[in-house]
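Undergrad: Pulled the feature table from Swiss-Prot, pasting it below:
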type: BINDING; residues: 9-16, 56-60, 119-122; note: GTP 1 binding site
type: BINDING; residues: 191-198, 238-242, 303-306; note: GTP 2 binding site
type: COMPBIAS; residues: 166-178; note: compositional bias 'Acidic residues'
type: DOMAIN; residues: 3-167; note: domain 'EngA-type G 1'
type: DOMAIN; residues: 185-360; note: domain 'EngA-type G 2'
type: DOMAIN; residues: 361-445; note: domain 'KH-like'
type: REGION; residues: 162-181; note: region 'Disordered'
Amino acid sequence: MSFTIAIIGRPNVGKSTLFNRLVGQKLALVDDMPGVTRDRREGEAKLHDLHFTIIDTAGLDEGPKGSLTARMQEQTETAIALADALFFVIDARVGLTPADRAFADFARRADKPVLLLANKSEGKHGELGAMESYALGLGDPIQISAEHGEGMGELYDALSKIVPPSDDEDDEREETDEERASRPIRVAIVGRPNAGKSTLINHLLGEERLLTSPEAGTTRDSIAVEVEWKGRGFRIFDTAGLRRRSRIEEKLEKLSVADALRAVRFAEVVVLMLDAQNRFEEQDLRIADLVEREGRALVLAVNKWDLMEAQPGQISALRRDADHWLPQITGAPIVAVSGLMGEGIDRLMQAIVEAYAVWNRRVPTAALNRWFEGAIANNPPPAVSGRRLKLNYITQTKARPPSFVLFCSRADAIPQSYLRYLVNSMRETFELPGTPVRITLREKANPFAHKRKRPN
């Protein structure tokens, strides 16, 4: 029998949208009105190489016995009983509600693996709502956007520890460093059309596996190939070139670009191929911005380097240009390559391995605390309306990419410039080049906020 997962949560958190995305077709009716799904639907879901049965349920909601709402809840309880694991979905934009808290207890009592999915996490408000969901005690929230397909890579990583392989026994242990090293690194190679992506992979494979041509747009689909380098496995996605939206005219090409975006979301490391003779165009910057938003490690591969005239200081100039145009991922590794000639391949593969290690990094608590005290001492937060902002403490909530929550007195008053200072200082201190660093602000609860003043 197929491994079965039930999607549960209160009404209108995006359960049916997630169901449709995993099943790959619009089987469930989706609307903004709560309670659209009135019975449970089952479908065969696929997430990368994982196959399982998914059950979409009506929103968990309490109602009078015998009412439609009560029958919807009965269907949900039946789905939970049938399931091997649960997706507990919340709306990150709304944040936690009393219903979420009540039904989190309901999910815990099921005594089954639960993945907490903070849906609609795109944007600043979604990030805050996701951090708030730690209070449910269901583990680390996985930030996703079912509508836009964001966070599917993180969902895959968590799900692969729960969904058993076809023939092997289930292994629910947390992935160790040794296990991570034995698993192929997922790499997406992206860039403008005709940047040389397929030529590079063909040289890695030693065969004409991927069609190459001087004509831009030869690759229509996202194609995965297995590569081994120095005993380490890689699953590399060659993608259709990402063009400017105004130039995407054919329906087939629109689908190809969507496929490339999916490859970025499933990847752990993204290699952005730049043309040595025509680098850092607007579309390159847009692609890099997408990689940062998706929280992926970035490596810059400057292709066709063999066509450049040898001049001293070229790489240093390239480093300055990259940090100028890509301040959101300062220090991204730069590798000069020639896909056609096979030059720089070893340097590129080593850069991918190192970027992957940085992306997975967890900072020791003692070192994080020492850095935090020093960063504030060197550059205290600014005063607002004559009052100094208080930064209480910082903690790392996850890796992949390194993400932190900073507890402070007034989250809305801390300027973005100061937040950038903290990110850059952390990146430099802990050597986190080329990977997004997330710092989410959260106000520390004031225990006296709700107490009345004593009458004089």
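Any Cβ shown, glycine's included, is placed from N, Cα and C.
As the structure is a computational prediction, the values presented were derived from the model and not from experiment.
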Undergrad: Reported as an integer number of Å, what is the Cα distance between G9 (GTP 1 binding site) and G191 (GTP 2 binding site)?
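TA: G9 (GTP 1 binding site) and G191 (GTP 2 binding site) have their Cα atoms 39 Å apart.
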Undergrad: For the domain 'EngA-type G 2' (185-360), would you mind checking the mean pLDDT of the predicted model?
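TA: Residues in the domain 'EngA-type G 2' (185-360) carry a mean pLDDT of 74 in this prediction.
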Undergrad: Please report the number of other Cβ atoms within 10 Å of the Cβ of S121 (GTP 1 binding site).
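TA: Taking all protein chains shown, S121 (GTP 1 binding site) has 26 Cβ neighbours within 10 Å.
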Undergrad: Using a 10 Å cut-off on CB atoms, tell me which of the binding-site residues N12, T57 is the least crowded.
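TA: Comparing Cβ neighbours within 10 Å for the binding-site residues N12, T57, N12 has the fewest.
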Undergrad: Where DSSP helix means H, G or I and strand means E or B, what are the helix, strand and coil counts for the domain 'KH-like' (361-445)?
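TA: Within the domain 'KH-like' (361-445) the tally stands at 31 helix, 24 strand, 30 coil.
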Undergrad: Round to the nearest Å and give the CA-to-CA distance linking T57 (GTP 1 binding site) with G191 (GTP 2 binding site).
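TA: Here the two Cα atoms lie 40 Å apart.
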Undergrad: Helix, strand or coil by DSSP: which one applies to S121 (GTP 1 binding site)?
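TA: Once the DSSP labels are grouped into three classes, S121 (GTP 1 binding site) ends up as coil.
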Undergrad: Can you tell me the CA-to-CA distance separating W305 (GTP 2 binding site) and S121 (GTP 1 binding site), as a whole number of Å?
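TA: On Cα coordinates alone, these residues lie 40 Å apart.
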Undergrad: Taking only the Cα atoms, work out how far K15 (GTP 1 binding site) lies from G191 (GTP 2 binding site), in Å, as a whole number.
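TA: Spelling it out, the Cα of K15 (GTP 1 binding site) and the Cα of G191 (GTP 2 binding site) are 33 Å apart.
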Undergrad: How many whole Å apart are the CA atoms of N12 (GTP 1 binding site) and G191 (GTP 2 binding site)?
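TA: G191 (GTP 2 binding site) has its Cα 37 Å from the Cα of N12 (GTP 1 binding site).
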Undergrad: To the nearest whole angstrom, state the Cα distance for the pair S121 (GTP 1 binding site) and G191 (GTP 2 binding site).
TA: 26
Undergrad: With every protein chain in view, what's the tally of Cβ atoms within 10 Å of the Cβ of K15 (GTP 1 binding site), excluding that atom itself?
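TA: Excluding its own Cβ, the number within 10 Å is 29.
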